[in-house]
Number of protein chains: 4
Amino acid sequence: MSSNSFGKLFTVTTFGESHGPAIGCVIDGCPPGLAIAPEEFRHDLERRATGRSRHTSQRHEADEVEILSGVYEGRTTGTPIALLIRNTDQRSKDYGDVAQTFRPGHADYTYWQKYGIRDPRGGGRASARETTMRVAAAVIARKWLAERHGVRVRGYLAQLGEITPRGFDWDAVESNPFFWPDAAQVAELEKAMDALRKSGDSVGARVNAVAENVPPGWGEPVYGKLDGDLAAAMMSINAVKGVEMGAGFASVAQRGTQHRDEMHLDGFTSNHAGGILGGISTGQPVTVSVAFKPTSSILVPGQSVNLAGEPVQVVTKGRHDPCVGIRATPIVEAMLALVLMDHALRHRAQCGDVGPVAPRIA
Amino acid sequence: MSSNSFGKLFTVTTFGESHGPAIGCVIDGCPPGLAIAPEEFRHDLERRATGRSRHTSQRHEADEVEILSGVYEGRTTGTPIALLIRNTDQRSKDYGDVAQTFRPGHADYTYWQKYGIRDPRGGGRASARETTMRVAAAVIARKWLAERHGVRVRGYLAQLGEITPRGFDWDAVESNPFFWPDAAQVAELEKAMDALRKSGDSVGARVNAVAENVPPGWGEPVYGKLDGDLAAAMMSINAVKGVEMGAGFASVAQRGTQHRDEMHLDGFTSNHAGGILGGISTGQPVTVSVAFKPTSSILVPGQSVNLAGEPVQVVTKGRHDPCVGIRATPIVEAMLALVLMDHALRHRAQCGDVGPVAPRIA
Amino acid sequence: MSSNSFGKLFTVTTFGESHGPAIGCVIDGCPPGLAIAPEEFRHDLERRATGRSRHTSQRHEADEVEILSGVYEGRTTGTPIALLIRNTDQRSKDYGDVAQTFRPGHADYTYWQKYGIRDPRGGGRASARETTMRVAAAVIARKWLAERHGVRVRGYLAQLGEITPRGFDWDAVESNPFFWPDAAQVAELEKAMDALRKSGDSVGARVNAVAENVPPGWGEPVYGKLDGDLAAAMMSINAVKGVEMGAGFASVAQRGTQHRDEMHLDGFTSNHAGGILGGISTGQPVTVSVAFKPTSSILVPGQSVNLAGEPVQVVTKGRHDPCVGIRATPIVEAMLALVLMDHALRHRAQCGDVGPVAPRIA
Amino acid sequence: MSSNSFGKLFTVTTFGESHGPAIGCVIDGCPPGLAIAPEEFRHDLERRATGRSRHTSQRHEADEVEILSGVYEGRTTGTPIALLIRNTDQRSKDYGDVAQTFRPGHADYTYWQKYGIRDPRGGGRASARETTMRVAAAVIARKWLAERHGVRVRGYLAQLGEITPRGFDWDAVESNPFFWPDAAQVAELEKAMDALRKSGDSVGARVNAVAENVPPGWGEPVYGKLDGDLAAAMMSINAVKGVEMGAGFASVAQRGTQHRDEMHLDGFTSNHAGGILGGISTGQPVTVSVAFKPTSSILVPGQSVNLAGEPVQVVTKGRHDPCVGIRATPIVEAMLALVLMDHALRHRAQCGDVGPVAPRIA
């Protein structure tokens, strides 16, 4: 069905369950000649990894990427690149009772209804573990986009429950475990998380991401729009419930005079469009905002049913994040990069490697 | 590139420019034996049509669908169904000056940057005119979904600028030109629209849609999720800037105890998930909410540039809606139906025509 | 299902039944800026048309192409190009009795078994009428390939029943209604066809096609091979039972020393490979040979069954070619051009618009 | 680009180079609930393996399949099934000089022209090593097809150079290393191969395959025809130069009265169609015949050029089959099974799990 593949021309197919032997991906369509080494995956995978702080779940995954194919003497050859990560920390005993019950807010029930069988270990295929391979694949996309077009993709946590950033500094984002843009608020966040953990509850989050230096012209009308593909990409991430481009839902209450981004040769006066008009990039930064629901794996008991059709109380034990959104920033960035990479190739398929068209708005 | 096609197994390919000779679509993968007649398209196309009230643009499109193929003796044959609508009301003179300028908030500039050529008549391919064929194709999807699975898809206008519904009544929705669920507010809406038109400005809107009786099990992990495909579908509609499933962005400030939908055999206690968990339908109503930006075609002059690279003032004359969202409800419904239709077929491809699996939550 | 679409990046979707209101196609992914006019389709459609000689069926189809979209001021815009041809010569009375019987060698029975319904008028979707749109779409592909890469695609009838060409002259091919490369044999062919028609029987044929100036590097390992896609393309033509690339089935009895094409910088010493190695073009002419079965619509009665499950004698009345292969040359050329066009775009998607790589074999 | 994926609904993506760390595949779309164990791959992989006789190359690959995902407690779960085989016998020294030269008849030159880089070790991605994963994936397809529909897929060597079978016995096929259907000829074949090896040359072969019990109705008009997909599948196998369905090229010289398969309720009188009409299965055995060129890796020196653009003499040392077709039978069977599996799912997507339609020809 190819439902585990993402992208038309830079196609990433992922596989693997949370507690199976391994997870991995196959990247098809990567341009040849790109230098890539196993150690280049490390930084991004560590950024994503659980266990990076006491505020995310305490699994220790030694996510070492093995490149199985598609790279020769350190360069991509144009053939499919397969990446493999062994699951080393399985502790499947944590999930033993889960096999008989449907946890509220999880995919347990829906997988069961769809397939009549499910792998209950650690959420199986529905686990956020799968997103590791998105981040890995995006390492390659990000490198090519940067080298070829100077594209830079960055993200940050824009809301944690009801807390929003007071200040904004890109440098701050990488200096704290929350990807929070205001360093002065980190203590407040830690306190909030501690209280949350103590209560056994969880909370939602909002993640924003931005891609700079995207050339104008990427994206395709009308079902291959850049924002359409971004929306699908973001909504495919576990726990995502909403996606906004540019001004997003704020557009509803805006006036046309306010929303439209006026144009001068030295630039647009605003970016309510989020860098996309008619599904095609304008040359402005592409901005996306994503809503994550509070994780459903919590210690507070919840009402559910079991396989036998009996009412049960469910408590999710084990290692879980009280806010799944905290470690989502690298995943949102990854999906943004993967969509851009795909459209970079799609653009040159139809329109060739063209230079700037006049007039070009700065 | 297939970027003008939507759906994997119920594939709708649309074509046509706003002011070209015709618009149309080809539907590939429709199950055989479905009864369908040209007049069955009329109701839905009229619901969508511009000119239905003084609050939408005053074009009069006599949208008569011609079935060119795929139907024999009133029934679908399994071969591609081509639908054609001639453009009768072209008045291309309205758009003459548009060819030389890039209107702020429109796709003019991005199409130019992408292709180095563009059809400026009425927005060309970027016009909302294209969505007519989505509504037409969805007529077939809705009929099959209703006959086969009892699925019902409905939508309504949930916000107009800053106005929100006070009451809710499905019957009201079809009784006013706004698809507004509270009949008592219609006068207020008309007054707001009149003021808006007078000011030459426009405003955004929110449209909600719901699909009832969707069986559990539709949707595919992990890049073929039902909500992922819905997000792409909605974001592909002109002027859409945001998509929410279920609780959407409200999830950000929710607690896990609040968000998760507890389960009993006689039903879920809430539907924050919007009928989807892990990308697969739960059996609850599938709910989606969509943000429309204020239309950019307004009478208030705006700053822009022209093809010669000179600064210009742009005023969009001609017939335009001061709120594009007003006539968007049928389009949102259509995209919801098309996604469900596609997943109905995808589900039975992999899992067969299976009956209910126990335990089944009501 | 997209089974009526061909090509990944230059995607042609065809629709229409032989005796329905119209046939047509939508071409998605065409590069922008290509000059194209309705009259440019005429020559190729006439080459393909039935009725061009007394040896092909006597339908008179006035195949006038209407361009419905994707072209503005005579140039492609990058948006989908829809082409429409009305069916003017339907004479559906000829096919009246066909609805109740399954003609041997036709798709009647298989469509019935698949769909439980079929359009019996003129073969419906299974008619060779559909190939008209392949030829039309290929007009665009051939023009782009010629302008951009100097590619030339040509074909000829290489065998008619047991008759094979004695001489070979490309100029002769276009000078006789058989696309036969030896003008001296035309009288012999006509005599054979007359005898065949008199006997009420039919005969098979072989068509060869060649593409010159294909750059090295087109085609993709391993399921997107140029020859793999060509094989599918040719086998999708009505009545085709075999496809050969280069030496084809003669390779079976060849030795490696004989088959392998040795390489010098000024060229290959032979072309048993048919211009393709490892699924990728070598720069030599791409050669393909296609076997057409004798048409099954013949006057000699044949044993079959009817819808009621009774044995019946079937005689196919009406206008039919005693050799369907005679008019197949333009169709084989068209499919060769469409595959090359698709791969031209696919190549530049992954590898860019690159110039020659050294060493380049002439 | 997805060019390393095969199948629309039962999608097999393969990866890996001949002498890289591993080869593998990801199977997406497999129905849930199918029992499958690692040891079930052994038989088919051994049938395919090189080294099974002195007439095939002497590599010893211990092809042990590891199931990385998609199977839980011995049953498929509906999520992607990843299979991995480590390359244990690399001996890359054999291929050292190959990096600088383009071997005639190989993909060396075309990969170089396409990508500007290539993995020369053992043919890299262009090696027949890749076909191992086709056979592995087909193990799953064959099991499902057999359990669900009683489909049986078998093949045999139908020609070796100029030698053709005198008798035919399915039991003989599995009893000799040539998959030859006449046991009495095995000594003759061995003698021919010995002579060939002594001469340092190679020879071509023809492989036939048959699928029995395929229900009528599989396959889709017009670009998703069962025979179209089979042609692509077969042509995608290394060294294949021709594909025939049913009577194949013999159809060219046949008369319509001879070729058409007359129909009775108790069966067809012949099977020149090869079980397919209009691209859709008839219910008769699906038959396909495939031409393999003589392997290009031979000991007789051949003229070529090197990377520096100098003329060179090339001799292929190392372990190579003097007839690549000898071990191709399991691969042809695999591709036949994969295409049927894909169409089984495609058929039920559009038409449902329908029972027999009357009248049904035995």
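Placement of Cβ uses the backbone N, Cα and C atoms for every residue, glycine included.
Remember, predicted model here, so these are calculated numbers, not experimental data.
Feature annotation from TrEMBL assigns NADP(+) binding site to A:Arg48, A:Arg54. In the three-state DSSP classification, A:Arg48 (NADP(+) binding site) falls within a helix.
The Cβ neighbour count for A:Thr295 (FMN binding site), using a 10 Å radius over every protein chain in view, is 28. Residues or ranges marked as FMN binding site by TrEMBL: A:Arg125, A:Ala126, A:Ser127, A:Asn238, A:Ala239, A:Gly278, A:Lys293, A:Pro294, A:Thr295, A:Ser296, A:Ser297, A:Arg319.
Less than 8 angstroms from a Cβ of chain B: among the binding-site residues A:Arg125, A:Ser127, A:Lys293, that describes A:Arg125, A:Lys293.
For A:Arg48 (NADP(+) binding site), the Cβ neighbour count at a 10 Å cut-off comes to 25, with all displayed protein chains included. Using a 10 Å Cβ-Cβ cutoff, A:Lys293 (FMN binding site) registers 30 neighbours. With an 8 Å limit on C-beta distances, none of the binding-site residues from A:Arg48, A:Ser127, A:Ala239, A:Lys293, A:Thr295, A:Ser297 reaches chain D. Rounded to a whole value, the Cα-Cα separation of A:Ser297 (FMN binding site) and A:Arg48 (NADP(+) binding site) is 19 Å.
Mapped onto three states, the DSSP output places A:Ser127 (FMN binding site) in coil. Between the CA atoms of A:Arg125 (FMN binding site) and A:Arg48 (NADP(+) binding site) there is a gap of 18 Å. Geometry remark: A:Arg48 (NADP(+) binding site) versus A:Lys293 (FMN binding site), CA distance 18 Å. For the recorded site, A:Thr295 (FMN binding site), the DSSP three-state label reads coil. Applying an 8 A CB threshold to same-chain residues 6+ apart, the list for A:Ala239 (FMN binding site) reads A:Ala128, A:Phe292, A:Lys293, A:Thr295, A:Val324, A:Gly325, A:Ala328.
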